[in-house]
Amino acid sequence: MNIVPTPMSEQALPPWRRCVLKVGSSLLAASDGGLSTRYALGIAQFIAACHADGKQVVLVSSGAVAGGRAILRERGAEATTLAARQALAAVGQTKMIALWQRFFDRPTAQILLTHDDLRNRRRYLNARATLRELLRLDVLPVVNENDSVAVEELKLGDNDNLAAIVAALVDADVLLIATDIDGLYSANPRTDPNAQPIADVAAITPQILAMAGGAGSISGTGGMRTKLEAAAKAAAAGIDTVLFNGTDAQCLRLLAQDRLRGTRIRASGTHLQARKYWLRHAPAEVGGIVVDAGAARALAAGGASLLPGGIVAAEGEFKRGDMVEIYLRDEHTQQVIARGISQYAASEIRRIAGKHTREIETLLGYSYGDSVVHRDDLVACDPAPSASMLK
Ligand SMILES: Nc1ncnc2c1ncn2[C@@H]1O[C@H](COP(=O)(O)OP(=O)(O)O)[C@@H](O)[C@H]1O
Ligand SMILES: N[C@@H](CCC(=O)OP(=O)(O)O)C(=O)O
């Protein structure tokens, strides 16, 4: 029985500047094995329209496994072992990148991430710096899990969750998930003729989670369940998620004009509120960075990054990627004026404190960038003496 689900109603979306767009295997897998451009073309046109509007897109694309399967089949082989499945993903990954590359004038870049890259603080920061740089250079980053080396027990496994993590990583304004169905329904419409469309979800509650079923095709992984998990992760980072039908050209055209025929899952607060809340409340390392009055004024005013020139000293033994407090000190008092994530370890800061940014490379032999604390990773604090540091 072929059930046609009730269509979603149309709604306006808030304007956005940077998105993560996840495209599932269901849209890329060809029915006879391998990858198909059938729906990729419409999605590429949507991405090109976003670029033309000055918007930034990070593409999280599945398709490595589907792409490799056809080649394996041609050779009469079967992916029965883990090594065979990983080899298959390695072959398919190049097919998937080639599929996207042909649609764009601007360069595409391949970023393969593992669970470890996202868990390890230094690698997380490096991945973030690379993605930021690619966007600055107007390159289209195409992200996938590094299936060919990921250890089975530590695999993220589905790209919905990966896309949510990447959305937080790049500070996206919205997570767009393209799939083969119009959005979330009260039950899986492929099996339940009474399934009703749900256009707006205020929060991922147990009732909402209970609506989600598994994948709709043999190529899909996780179905609606992993999309809702991803939306919950994005919501916690202050990012809205949008589920829409990537097979529907009209839906894609509307989306390019910030109109949605699909499901919007709302974040609890704004993206900035969530990030600032986290920066304000995440535990800081012992010690911190002491700055001069000029730097303190710039940080208190908001919008500035902390550069080495304004730093007087680094105290304690924090590492690159640690949350630190930033102080202004005179003979009598010490005030926490801001907190943020340090791009440099305390020992490195001691060597570059008071120096010009162009000297970083010479002094350290490498550079993680001009900012010691980037403005996106920094929150100004209400003036209050630092209890832990008062002598
Ligand atoms: N409540 C639901 N609403 C909509 N779709 C659902 C629901 N529960 C399960 N699904 C299934 O989820 C599928 C999409 O997920 P999936 O097959 O993993 O695709 P993708 O490859 O795009 O991630 C749909 O085709 C549908 O069959
Ligand atoms: N990393 C895998 C994708 C797994 C996955 O999440 O697939 P899907 O749910 O279809 O997006 C691949 O490239 O085949």
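Placed from the backbone N, Cα and C atoms, the Cβ positions cover glycine too.
The annotation ATP binding site is assigned in TrEMBL to LYS22, THR179, ASP180, THR221, GLY222, GLY223, MET224, ARG225, THR226, LYS227. Classification of LYS22 (ATP binding site) by DSSP places it within a strand. Its Cβ taken as reference, LYS22 (ATP binding site) is surrounded by 30 other Cβ atoms within 10 Å in the chains shown.
Just so you know, the Cβ of ASP147 (substrate binding site) picks up 22 other Cβ atoms within 10 Å once every protein chain is counted. For SER62, ASP147, ASN159, the entry in TrEMBL reads substrate binding site.
Annotation source TrEMBL lists domain 'PUA' at 287-373. Broken down with DSSP, the domain 'PUA' (287-373) shows 27 helix, 26 strand, 34 coil.
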So which of the binding-site residues LYS22, GLY222, MET224 sit close to ligand 2, that is, with a CB under 6 Å from an atom of it?
GLY222
What average pLDDT does the predicted model assign to the domain 'PUA' (287-373)?
94
Could you say whether, by DSSP, THR226 (ATP binding site) belongs to a helix, a strand or a coil region?
helix
Taking Cα atoms as reference points, which of the binding-site residues SER62, ASP147, ASN159 is nearest to GLY222 (ATP binding site)?
ASN159
Candidates near ligand 1 among the binding-site residues LYS22, ASN159, ASP180, MET224, THR226, judged by a Cβ under 6 angstroms:
ASP180, MET224
